[in-house]
Amino acid sequence: MTVTKMSWRPQYRSSKFRNVYGKVANREHCFDGIPITKNVHDNHFCAVNAKFLAIVTESAGGGSFLVIPLEQTGRIEPNYPKVCGHQGNVLDIKWNPFIENIIASCSEDTSVRIWEIPEGGLKRNMTEAVLELYGHSRRVGLVEWHPTTNNILFSAGYDYKVLIWNLDIGEPVKMIDCHTDVILCMSFNSNGSLLSTTCKDKKLRVIEPRSGKVLQEASCKNHRVNRVVFLGNLKRLLTTGVSRWNTRQIALWDQEDLSMPLIEEEIDGLSGLLFPFYDADTHMLYLAGKGDGNIRYYEINTEKPYLNYLMEFRSPAPQKGLGVMPKHGLDVSACEVFRFYKLITLKGLIEPVSMIVPRRSETYQEDIYPMTPGIEPALAPDEWLSGMNRDPILMSLKEGYKQTSKVVFKAPIREKKSVVVNGIDLLENVPPRTENELLRMFFRQQDKIRRLKDELSQKDIRIRQLQLELKNLRNSPKNN
């Protein structure tokens, strides 16, 4: 009996995060009255940093999103100013990690746009982006900033291409063209030298982004991958997906050998997509299901069993997506190690959820706040593009979280022209349409035909009415 206890107890005892709990903000510290988008695209529709919260909203005749200063909690007025320059639905938004008032958005209108939010937030609708980037021939579903290099942005479109933009010149400088279907997710390792993607073609890839070379590839037939996240410097990848029995599943992979996952673990039989979030400082993994109210969390180890389940935060309100606060925006005095911003569509509510390590002492807890990637870039765009890699510049949360970045954004002046990368004009070289796009086109045409038929039949009825009236007029006694 004693031996059995010894075999399992130490792994829990050694964890300082065993009792981490989720704490929901009071109603007055939530953001209320927000018309959250009803778009079914599998993204978070939310981005947050130490200054602002941005949420994609429901809008007619184009795409828009709100940008709210974090201190402006409570009910948001219906006429609150929006960022509304896109001609199609906004599908993804991401804050620049080094310049806190610069945000990138991408849309069904095939463009990526860079916006500069004024200090204190918007006073009127913003329609003019500081930079409009055209290079994709289909809608753009994902944008990601490079984690260590200033002004390098990645975008993934429904043309199956990933474009790497150098915002110093406002042009795409590289193209990754190894996917055969829609790209579902992109994730970087900690210094940005590797990119991992999941794709509708059921393949998980590890790519060297500057050359576009696929270093590792897994065909996930049993575990259909949806989302992927690099686990910091552990040389591991974690994917969420669906098993062959349609149960939700996670898998852990060695980034240098994707022939077989290290472990696969079934989570439950629900249908919503599982979003993974990894905190490299605490080695904690959070799993949040789209349409669920709960968030499970685990501790990642380098040795078996690799994944230790800690606990679960439960809530009756289902989440559409989740924004995550960067480390330097957390409240270290409350021992907060992670913060989600949970989108509750039915209530039009954004609810902050803090993950807290229970500690009695009010002094700074060095062991749960190691040096963490800060707000200064390690490389300039030209350095990274020439082949340099550099780890992120670290900061201490004891003092550093009050620092402001010295980096400023200067938009290049350029003319619209053809976009040539790797010798290919991206706007001319359009891939074949996907089955879903063809079906949408077919149904749109059917609707158009139906409307035209209805209009014709209405006109026929009106013509017959007029003919009858004319006949009655001719036969009336006055005319006789």
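Using N, Cα and C of the backbone, Cβ positions are placed for all residues, glycine too.
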Residues flagged as coiled coil in TrEMBL, choosing from 365-392, 449-476: 449-476
Counts by DSSP class (helix H/G/I, strand E/B, coil) across the repeat 'WD' (133-175): 0 helix, 25 strand, 18 coil
Non-local residues, at least 6 beyond the ends, that sit with Cβ under 8 Å of the repeat 'WD' (133-175): 41, 43, 88, 91-98, 104-114, 181-183, 185-188, 190-192, 195, 197, 209-210, 212, 373, 377-385, 389-392, 407, 409, 411-412, 414, 416, 419, 421-422, 424, 426-427, 429-431, 434, 437
DSSP-derived helix, strand and coil totals, residue by residue, for the domain 'DUF1899' (10-74): 7 helix, 24 strand, 34 coil
Secondary structure composition of the repeat 'WD' (83-125) [DSSP: H/G/I, E/B, coil]: 0 helix, 22 strand, 21 coil
